Amino acid sequence: MTERISLTRYLVEQQRVHGRIPPQLRLLVEVVARACKRISFAVNKGDLGDVMGTAGTENVQGEVQKKLDIIANEVLIEANEWGGHLAAMASEEMDGIYVVPNRFPQGEYLLMFDPLDGSSNIDVNVSIGTIFSVLHKHHDDPTTDEPVTEADFLQPGHQQVAAGYCIYGPQTTLVLTVGDGVAMFTLDREQGSFVLTRENIRIPEDTKEFAINMSNMRHWDAPVRRYIDECLQGKEGPRGKDFNMRWIASMVADVHRILMRGGIFMYPWDKREPNKPGKLRLMYEANPMGWLVEQAGGAATNGRQRILDIQPAQLHERVSVILGSKNEVDRVTSYHSGI
Ligand code: AHM
Ligand code: MG
(Lines of atoms letter the chains of each structure in order from A and count residues from 1; the text may use other names and numbers.)
(Lines give C-alpha, C1' and ligand atoms only; values in the text may rest on other atoms or scores of the structure.)
(Ligands and ions follow the chains in the order given, each with its own letter.)
Protein backbone atom coordinates (compact mmCIF):
# COMPACT_ATOMS: atom_id res chain seq x y z
CA MET A 1 0.00 0.00 0.00
CA THR A 2 1.29 3.47 -0.81
CA GLU A 3 2.07 5.38 2.31
CA ARG A 4 -0.43 8.10 3.16
CA ILE A 5 1.04 11.30 4.48
CA SER A 6 -1.34 13.44 6.48
CA LEU A 7 -1.18 17.23 6.62
CA THR A 8 -0.02 16.88 10.24
CA ARG A 9 2.91 14.65 9.25
CA TYR A 10 3.81 16.91 6.33
CA LEU A 11 3.95 19.90 8.68
CA VAL A 12 5.88 18.02 11.37
CA GLU A 13 8.46 17.07 8.74
CA GLN A 14 8.64 20.63 7.47
CA GLN A 15 9.34 21.64 11.06
CA ARG A 16 11.67 18.84 12.12
CA VAL A 17 13.51 17.80 8.99
CA HIS A 18 13.62 21.00 6.98
CA GLY A 19 13.53 23.40 9.96
CA ARG A 20 11.24 25.53 7.84
CA ILE A 21 8.35 26.25 10.15
CA PRO A 22 8.33 26.92 13.87
CA PRO A 23 5.79 25.05 16.08
CA GLN A 24 3.41 28.05 16.33
CA LEU A 25 3.17 28.29 12.57
CA ARG A 26 2.56 24.56 12.28
CA LEU A 27 -0.26 24.83 14.80
CA LEU A 28 -1.67 27.81 12.89
CA VAL A 29 -1.82 25.94 9.58
CA GLU A 30 -3.40 22.92 11.27
CA VAL A 31 -6.05 25.07 12.89
CA VAL A 32 -6.84 26.82 9.60
CA ALA A 33 -7.17 23.39 7.96
CA ARG A 34 -9.50 22.23 10.73
CA ALA A 35 -11.65 25.33 10.23
CA CYS A 36 -11.73 24.65 6.47
CA LYS A 37 -12.95 21.15 7.22
CA ARG A 38 -15.87 22.60 9.18
CA ILE A 39 -16.62 25.08 6.39
CA SER A 40 -16.51 22.22 3.88
CA PHE A 41 -19.14 20.32 5.86
CA ALA A 42 -21.36 23.42 6.07
CA VAL A 43 -21.00 24.04 2.31
CA ASN A 44 -21.83 20.41 1.66
CA LYS A 45 -25.10 20.55 3.54
CA GLY A 46 -26.50 23.14 1.17
CA ASP A 47 -30.27 23.45 1.46
CA LEU A 48 -30.30 20.74 4.14
CA GLY A 49 -28.61 23.14 6.55
CA ASP A 50 -29.54 26.76 7.24
CA VAL A 51 -26.62 28.00 5.16
CA MET A 52 -27.90 29.18 1.79
CA GLY A 53 -29.01 32.64 0.65
CA THR A 54 -28.15 36.15 1.76
CA ALA A 55 -27.71 37.27 5.34
CA GLY A 56 -29.31 40.69 4.77
CA THR A 57 -26.08 42.56 5.63
CA GLU A 58 -23.25 44.23 3.72
CA ASN A 59 -19.51 44.01 4.30
CA VAL A 60 -17.12 46.97 4.50
CA GLN A 61 -16.84 47.00 0.72
CA GLY A 62 -20.59 47.37 0.26
CA GLU A 63 -21.05 43.80 -0.98
CA VAL A 64 -24.13 41.84 0.10
CA GLN A 65 -23.06 39.10 2.49
CA LYS A 66 -24.22 35.53 2.03
CA LYS A 67 -24.99 33.41 5.08
CA LEU A 68 -21.99 31.23 4.25
CA ASP A 69 -19.69 34.28 4.10
CA ILE A 70 -20.60 34.99 7.70
CA ILE A 71 -20.55 31.38 8.86
CA ALA A 72 -17.11 30.81 7.32
CA ASN A 73 -15.79 34.01 8.89
CA GLU A 74 -17.04 32.97 12.34
CA VAL A 75 -15.67 29.44 12.01
CA LEU A 76 -12.19 30.80 11.18
CA ILE A 77 -12.21 33.25 14.08
CA GLU A 78 -13.51 30.76 16.65
CA ALA A 79 -11.02 28.13 15.56
CA ASN A 80 -8.03 30.48 15.67
CA GLU A 81 -8.53 32.88 18.55
CA TRP A 82 -7.70 30.63 21.51
CA GLY A 83 -4.65 28.63 20.34
CA GLY A 84 -2.00 31.17 21.36
CA HIS A 85 -0.48 31.26 17.89
CA LEU A 86 -2.08 34.47 16.64
CA ALA A 87 -1.93 38.13 17.55
CA ALA A 88 -4.74 39.27 15.24
CA MET A 89 -6.80 38.44 12.18
CA ALA A 90 -8.22 40.39 9.25
CA SER A 91 -10.88 39.32 6.80
CA GLU A 92 -12.73 40.45 3.72
CA GLU A 93 -15.89 40.28 5.82
CA MET A 94 -14.73 42.51 8.74
CA ASP A 95 -14.17 46.27 8.71
CA GLY A 96 -11.11 46.38 10.94
CA ILE A 97 -8.66 43.92 12.41
CA TYR A 98 -9.72 41.36 15.04
CA VAL A 99 -7.22 41.39 17.87
CA VAL A 100 -7.09 38.15 19.87
CA PRO A 101 -9.04 38.91 23.09
CA ASN A 102 -7.11 39.34 26.36
CA ARG A 103 -8.51 36.16 27.83
CA PHE A 104 -6.33 34.19 25.39
CA PRO A 105 -2.55 34.26 24.99
CA GLN A 106 -1.23 36.34 22.10
CA GLY A 107 0.97 34.69 19.49
CA GLU A 108 3.41 36.02 16.92
CA TYR A 109 1.41 35.67 13.74
CA LEU A 110 -1.19 37.58 11.77
CA LEU A 111 -3.79 35.71 9.77
CA MET A 112 -5.70 37.19 6.82
CA PHE A 113 -8.48 35.47 4.95
CA ASP A 114 -11.22 35.64 2.41
CA PRO A 115 -13.45 33.21 4.28
CA LEU A 116 -15.62 32.28 1.31
CA ASP A 117 -14.28 33.27 -2.07
CA GLY A 118 -16.58 33.09 -5.07
CA SER A 119 -19.68 34.08 -3.11
CA SER A 120 -21.75 34.48 -6.29
CA ASN A 121 -21.35 30.71 -6.84
CA ILE A 122 -22.61 29.60 -3.41
CA ASP A 123 -26.25 29.24 -4.36
CA VAL A 124 -25.60 27.54 -7.70
CA ASN A 125 -23.49 24.62 -6.42
CA VAL A 126 -20.27 25.70 -8.12
CA SER A 127 -16.82 25.49 -6.48
CA ILE A 128 -15.98 28.09 -3.85
CA GLY A 129 -13.16 28.31 -1.32
CA THR A 130 -11.26 29.89 1.54
CA ILE A 131 -8.04 31.84 0.86
CA PHE A 132 -5.54 32.62 3.63
CA SER A 133 -2.26 34.40 4.17
CA VAL A 134 0.03 34.50 7.22
CA LEU A 135 2.50 37.21 8.23
CA HIS A 136 4.80 37.68 11.17
CA LYS A 137 3.42 40.30 13.61
CA HIS A 138 6.41 42.57 13.80
CA HIS A 139 8.41 41.58 10.80
CA ASP A 140 11.07 44.18 11.30
CA ASP A 141 11.41 43.78 15.06
CA PRO A 142 10.14 40.38 16.25
CA THR A 143 11.22 41.00 19.84
CA THR A 144 9.03 44.05 20.50
CA ASP A 145 5.89 43.58 22.58
CA GLU A 146 4.08 46.65 21.27
CA PRO A 147 0.34 45.96 20.90
CA VAL A 148 -0.66 44.83 17.43
CA THR A 149 -2.27 47.43 15.14
CA GLU A 150 -3.63 47.56 11.61
CA ALA A 151 -0.29 49.01 10.48
CA ASP A 152 1.38 45.67 11.34
CA PHE A 153 -0.67 44.03 8.59
CA LEU A 154 0.54 46.40 5.89
CA GLN A 155 3.44 44.27 4.72
CA PRO A 156 4.27 43.38 1.12
CA GLY A 157 3.38 39.84 0.04
CA HIS A 158 6.99 38.66 -0.16
CA GLN A 159 6.98 38.71 3.66
CA GLN A 160 4.27 36.03 3.88
CA VAL A 161 5.33 32.97 5.89
CA ALA A 162 2.47 30.69 4.82
CA ALA A 163 -0.34 30.99 2.30
CA GLY A 164 -2.93 28.75 0.77
CA TYR A 165 -6.50 28.05 -0.06
CA CYS A 166 -9.05 25.34 0.44
CA ILE A 167 -11.38 24.65 -2.45
CA TYR A 168 -14.83 23.20 -1.82
CA GLY A 169 -15.52 21.45 -5.11
CA PRO A 170 -16.17 17.86 -6.13
CA GLN A 171 -13.33 17.21 -3.67
CA THR A 172 -12.25 19.41 -0.79
CA THR A 173 -8.61 20.23 -1.43
CA LEU A 174 -6.14 22.29 0.57
CA VAL A 175 -3.25 23.85 -1.33
CA LEU A 176 -0.40 25.23 0.73
CA THR A 177 2.98 26.89 0.60
CA VAL A 178 5.35 27.64 3.44
CA GLY A 179 7.98 28.84 0.99
CA ASP A 180 9.18 25.40 -0.08
CA GLY A 181 7.07 24.75 -3.19
CA VAL A 182 3.37 24.00 -3.33
CA ALA A 183 1.71 20.91 -1.84
CA MET A 184 -1.86 19.72 -2.18
CA PHE A 185 -3.92 17.75 0.33
CA THR A 186 -7.26 16.10 -0.33
CA LEU A 187 -9.81 15.75 2.46
CA ASP A 188 -10.56 12.12 3.24
CA ARG A 189 -14.06 12.47 4.62
CA GLU A 190 -14.14 8.99 6.19
CA GLN A 191 -10.91 9.60 8.09
CA GLY A 192 -11.61 13.30 8.64
CA SER A 193 -8.07 14.26 7.64
CA PHE A 194 -6.23 15.99 4.81
CA VAL A 195 -3.95 13.60 2.92
CA LEU A 196 -0.99 14.71 0.78
CA THR A 197 -1.94 14.04 -2.84
CA ARG A 198 0.56 16.19 -4.80
CA GLU A 199 3.88 17.79 -4.04
CA ASN A 200 6.08 20.24 -5.94
CA ILE A 201 3.25 21.41 -8.15
CA ARG A 202 4.61 23.16 -11.25
CA ILE A 203 2.73 25.46 -13.63
CA PRO A 204 3.76 25.00 -17.27
CA GLU A 205 5.41 28.18 -18.59
CA ASP A 206 3.27 28.22 -21.72
CA THR A 207 -0.46 27.83 -22.07
CA LYS A 208 -3.35 28.07 -24.51
CA GLU A 209 -5.95 28.85 -21.87
CA PHE A 210 -7.01 32.21 -20.47
CA ALA A 211 -9.46 33.19 -17.73
CA ILE A 212 -11.03 36.64 -17.68
CA ASN A 213 -14.55 38.02 -17.38
CA MET A 214 -15.03 38.84 -21.08
CA SER A 215 -18.21 40.83 -20.43
CA ASN A 216 -15.97 43.64 -19.13
CA MET A 217 -13.93 43.87 -22.33
CA ARG A 218 -15.15 47.32 -23.31
CA HIS A 219 -13.93 48.70 -19.96
CA TRP A 220 -10.36 47.34 -20.10
CA ASP A 221 -7.16 49.20 -20.69
CA ALA A 222 -5.37 48.88 -24.07
CA PRO A 223 -2.67 46.31 -23.04
CA VAL A 224 -5.24 43.81 -21.73
CA ARG A 225 -7.45 44.31 -24.80
CA ARG A 226 -4.47 43.76 -27.04
CA TYR A 227 -3.51 40.50 -25.28
CA ILE A 228 -7.02 39.03 -25.37
CA ASP A 229 -7.61 40.25 -28.89
CA GLU A 230 -4.47 38.40 -30.03
CA CYS A 231 -5.62 35.23 -28.23
CA LEU A 232 -9.02 35.46 -29.92
CA GLN A 233 -7.43 35.69 -33.36
CA GLY A 234 -6.14 32.15 -32.80
CA LYS A 235 -3.99 30.39 -35.37
CA GLU A 236 -4.53 33.16 -37.90
CA GLY A 237 -3.32 35.90 -35.54
CA PRO A 238 0.12 36.94 -34.25
CA ARG A 239 0.17 34.14 -31.63
CA GLY A 240 -0.21 31.46 -34.29
CA LYS A 241 -2.24 29.16 -32.03
CA ASP A 242 -5.82 28.74 -30.85
CA PHE A 243 -6.72 29.64 -27.27
CA ASN A 244 -9.42 28.27 -25.01
CA MET A 245 -11.33 30.31 -22.42
CA ARG A 246 -12.46 29.34 -18.90
CA TRP A 247 -14.07 31.59 -16.30
CA ILE A 248 -15.53 30.10 -13.13
CA ALA A 249 -15.94 33.41 -11.26
CA SER A 250 -14.38 31.85 -8.16
CA MET A 251 -10.75 32.88 -8.00
CA VAL A 252 -9.93 29.75 -5.99
CA ALA A 253 -11.31 27.49 -8.73
CA ASP A 254 -9.65 29.43 -11.57
CA VAL A 255 -6.29 29.47 -9.77
CA HIS A 256 -6.64 25.80 -8.88
CA ARG A 257 -7.08 24.92 -12.54
CA ILE A 258 -3.98 26.95 -13.38
CA LEU A 259 -1.94 25.14 -10.71
CA MET A 260 -3.13 21.80 -12.07
CA ARG A 261 -2.63 22.41 -15.80
CA GLY A 262 -1.47 25.95 -16.51
CA GLY A 263 -3.26 29.01 -17.83
CA ILE A 264 -3.47 32.73 -17.22
CA PHE A 265 -5.96 34.46 -14.90
CA MET A 266 -6.72 38.16 -15.11
CA TYR A 267 -8.93 40.52 -13.18
CA PRO A 268 -7.57 43.80 -14.52
CA TRP A 269 -8.28 47.40 -13.63
CA ASP A 270 -11.24 48.73 -15.62
CA LYS A 271 -12.79 52.08 -16.50
CA ARG A 272 -16.02 51.55 -14.55
CA GLU A 273 -14.23 52.40 -11.32
CA PRO A 274 -11.25 54.45 -12.46
CA ASN A 275 -10.14 55.28 -8.94
CA LYS A 276 -9.96 51.67 -7.79
CA PRO A 277 -6.88 49.72 -8.86
CA GLY A 278 -8.97 46.57 -9.46
CA LYS A 279 -11.67 44.35 -8.01
CA LEU A 280 -9.68 41.76 -6.09
CA ARG A 281 -8.15 42.38 -2.72
CA LEU A 282 -4.38 42.53 -2.30
CA MET A 283 -3.97 41.19 1.22
CA TYR A 284 -6.19 38.12 1.23
CA GLU A 285 -6.64 37.27 -2.45
CA ALA A 286 -3.80 38.52 -4.67
CA ASN A 287 -0.89 38.05 -2.22
CA PRO A 288 -1.57 34.46 -1.16
CA MET A 289 -2.47 33.40 -4.71
CA GLY A 290 0.50 35.31 -6.12
CA TRP A 291 2.89 33.55 -3.77
CA LEU A 292 1.43 30.10 -4.49
CA VAL A 293 1.72 30.74 -8.22
CA GLU A 294 5.32 31.94 -7.92
CA GLN A 295 6.21 28.97 -5.75
CA ALA A 296 4.89 26.75 -8.55
CA GLY A 297 7.08 28.50 -11.14
CA GLY A 298 4.45 30.94 -12.43
CA ALA A 299 4.31 34.74 -12.21
CA ALA A 300 1.93 37.31 -10.71
CA THR A 301 1.86 41.03 -11.52
CA ASN A 302 -0.56 43.94 -11.60
CA GLY A 303 0.62 44.67 -15.16
CA ARG A 304 3.39 46.93 -13.97
CA GLN A 305 4.78 45.44 -10.82
CA ARG A 306 5.22 42.07 -9.12
CA ILE A 307 2.19 41.60 -6.85
CA LEU A 308 4.38 40.46 -3.94
CA ASP A 309 6.38 43.71 -4.02
CA ILE A 310 3.39 46.03 -3.65
CA GLN A 311 3.53 47.97 -0.39
CA PRO A 312 -0.07 48.01 0.88
CA ALA A 313 -1.46 51.29 2.18
CA GLN A 314 -4.76 49.87 3.44
CA LEU A 315 -6.10 46.60 4.77
CA HIS A 316 -8.80 46.23 2.14
CA GLU A 317 -6.68 47.55 -0.71
CA ARG A 318 -7.64 46.37 -4.19
CA VAL A 319 -5.35 45.44 -7.01
CA SER A 320 -5.29 44.50 -10.66
CA VAL A 321 -4.30 40.83 -10.97
CA ILE A 322 -2.53 38.96 -13.77
CA LEU A 323 -1.19 35.55 -12.76
CA GLY A 324 -0.37 32.07 -14.00
CA SER A 325 1.89 30.58 -16.69
CA LYS A 326 5.08 32.61 -16.67
CA ASN A 327 5.54 33.35 -20.36
CA GLU A 328 1.95 34.60 -20.76
CA VAL A 329 2.09 36.79 -17.64
CA ASP A 330 5.41 38.23 -18.82
CA ARG A 331 3.80 38.99 -22.19
CA VAL A 332 0.83 40.87 -20.68
CA THR A 333 3.20 42.71 -18.35
CA SER A 334 5.43 43.73 -21.28
CA TYR A 335 2.37 45.06 -23.15
CA HIS A 336 1.80 47.40 -20.19
CA SER A 337 5.22 48.93 -20.65
CA GLY A 338 4.52 49.50 -24.33
CA ILE A 339 6.74 46.68 -25.65
P1 AHM B 1 -15.74 37.48 -3.56
O2 AHM B 1 -14.52 37.34 -2.71
O3 AHM B 1 -16.71 38.45 -2.99
O4 AHM B 1 -16.38 36.18 -3.89
O5 AHM B 1 -15.27 38.18 -4.95
C6 AHM B 1 -14.14 37.75 -5.62
C7 AHM B 1 -14.53 36.96 -6.85
C8 AHM B 1 -13.38 36.11 -7.36
O9 AHM B 1 -13.39 34.87 -6.75
C10 AHM B 1 -13.67 36.02 -8.82
O11 AHM B 1 -12.51 35.85 -9.61
C12 AHM B 1 -14.36 37.33 -9.14
O13 AHM B 1 -14.84 37.83 -7.89
C14 AHM B 1 -15.51 37.15 -10.07
O15 AHM B 1 -15.97 38.37 -10.43
P16 AHM B 1 -17.13 38.57 -11.56
O17 AHM B 1 -18.39 38.19 -10.86
O18 AHM B 1 -17.01 40.03 -11.89
O19 AHM B 1 -16.82 37.67 -12.70
MG1 MG C 1 -12.84 36.66 -2.78
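Just so you know, glycine gets a Cβ as well, placed from its N, Cα and C.
Listed features, source TrEMBL:
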DOMAIN    6-199  domain 'Fructose-1-6-bisphosphatase class I N-terminal'
BINDING   GLU92, ASP114, LEU116  Mg(2+) 1 binding site
BINDING   ASP114, ASP117, GLU285  Mg(2+) 2 binding site
BINDING   ASP117, GLY118, SER119, SER120, ASN213, LYS279  substrate binding site
DOMAIN    203-336  domain 'Fructose-1-6-bisphosphatase class 1 C-terminal'
Averaged over the whole of the domain 'Fructose-1-6-bisphosphatase class I N-terminal' (6-199), what is the pLDDT?
91
Given the binding-site residues ASP114, ASP117, SER119, ASN213, LYS279, GLU285, return the subset with CB under 6 A from an atom of ligand 2, ordered by sequence, or none if empty.
ASP114, ASP117, GLU285
Among SER120, ASN213, LYS279, GLU285, these being the binding-site residues, pick the one whose CA is nearest to that of ASP114 (Mg(2+) 1 binding site).
GLU285
If the Mg(2+) 1 site is taken as the center of the Cβ atoms of GLU92, ASP114, LEU116, which further residues of that chain fall within 8 Å of it by their Cβ?
ASP69, ALA72, ASN73, SER91, GLU93, PHE113, PRO115, ASP117, SER119, THR130, ILE131, TYR284, GLU285
Hey, of GLU92, LEU116, GLY118, SER119, ASN213, which of those binding-site residues are within 10 Å of GLU285 (Mg(2+) 2 binding site), Cα to Cα?
GLU92
Counts by DSSP class (helix H/G/I, strand E/B, coil) across the domain 'Fructose-1-6-bisphosphatase class 1 C-terminal' (203-336)
59 helix, 23 strand, 52 coil
If you take the centroid of the Cβ atoms of ASP117, GLY118, SER119, SER120, ASN213, LYS279, the listed substrate site, which other residues of that chain have their Cβ within 8 Å of it?
ASN121, ALA249, SER250, MET251
Listed in sequence order, residues not in ASP114, ASP117, GLU285 with Cβ within 8 Å of the centre of the Mg(2+) 2 site Cβ atoms:
GLU92, PHE113, GLY118, GLY129, THR130, ILE131, TYR165, MET251, VAL252, LEU280, ARG281, TYR284
Alpha-carbon spacing, SER119 (substrate binding site) to GLU92 (Mg(2+) 1 binding site), which is rounded to whole Å
12
Candidate with the highest Cβ count within 10 Å, taken from the binding-site residues GLU92, ASP114, SER120, ASN213:
ASP114
Mind running the binding-site residues LEU116, GLY118, SER119, GLU285 against ligand 1 and keeping the ones whose CB falls under 6 Å of it?
GLY118, SER119
Relative to the Cβ position of LYS279 (substrate binding site), how many further Cβ atoms are located within 10 Å?
20
For LEU116 (Mg(2+) 1 binding site), what residues in its own chain, 6 or more apart in sequence, show a Cβ-Cβ distance under 8 Å?
ILE39, LYS66, LEU68, ASP69, ALA72, ASN73, ILE122, ILE128, GLY129, THR130
If one measures from the C-alpha of LYS279 (substrate binding site) to the C-alpha of GLU92 (Mg(2+) 1 binding site), what distance in angstrom results, rounded to a whole number?
12
Residues near GLY118 (substrate binding site) by Cβ (under 8 Å) yet at least 6 apart in sequence within the same chain, in sequence order, are VAL126, SER127, ILE128, GLY129, ILE248, ALA249, SER250, MET251, VAL252, ALA253
